[in-house]
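Per TrEMBL, the features are:
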DOMAIN    9-121  domain 'Response regulatory'
DOMAIN    133-228  domain 'OmpR/PhoB-type'
Ligand code: CA
């Protein structure tokens, strides 16, 4: 496979110039083209040039990273990795309201940032999506991988990209318990033991959004699995 075309462009939106420059340095050394922006407004303007991925700081002087991320999401599925100073922000960031794909808490190891960017780009490669033209049904849930659409009975449920991938991965392995590390590797593409809190945050969001239709069962001390399908409640479907 020779993908030696132009190197993917990473947009780094970060107002702290010391962080922006060391992140840029590591990304350039890893072979990426780097663009930087030091305000939310400048980040939005740069995002319009279709970068392959955006590293977005949460705390910016004008628009905060959450607002920037929401606005980008109105028109684009570009992968977004958020940088945050606090762990508490994670639930919000990863959820649909904001729609980031991943996050790192400051201070972070730049090698980990590069590793995550590589895996996000690998996972968002178009050839993977082409394979997913399948539909899975489980009780009241219907998941169309081609359209990336989830329905409970007939109601469409809006999921963030990683929530969708996680749900698919679990349903695709019905009957098996998947550990948090396995889920991280399969859904996020980490090839090392990463921060498994990401998995828990996404499971929590899925349960909240799917309500009673959520098939996800916690296997204490191990990971997650899918419960056997209940009888589909088709009688609730509108005629
Ligand atoms: Ca900042």
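Each residue, glycine too, has its Cβ placed from N, Cα and C.
Caution: TrEMBL annotation is automatic and unverified by curators.
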What is the three-state DSSP composition of the domain 'Response regulatory' (9-121), stated as helix, strand and coil residue counts? 50 helix, 24 strand, 39 coil
Taken over the domain 'OmpR/PhoB-type' (133-228), the model's mean pLDDT: 87
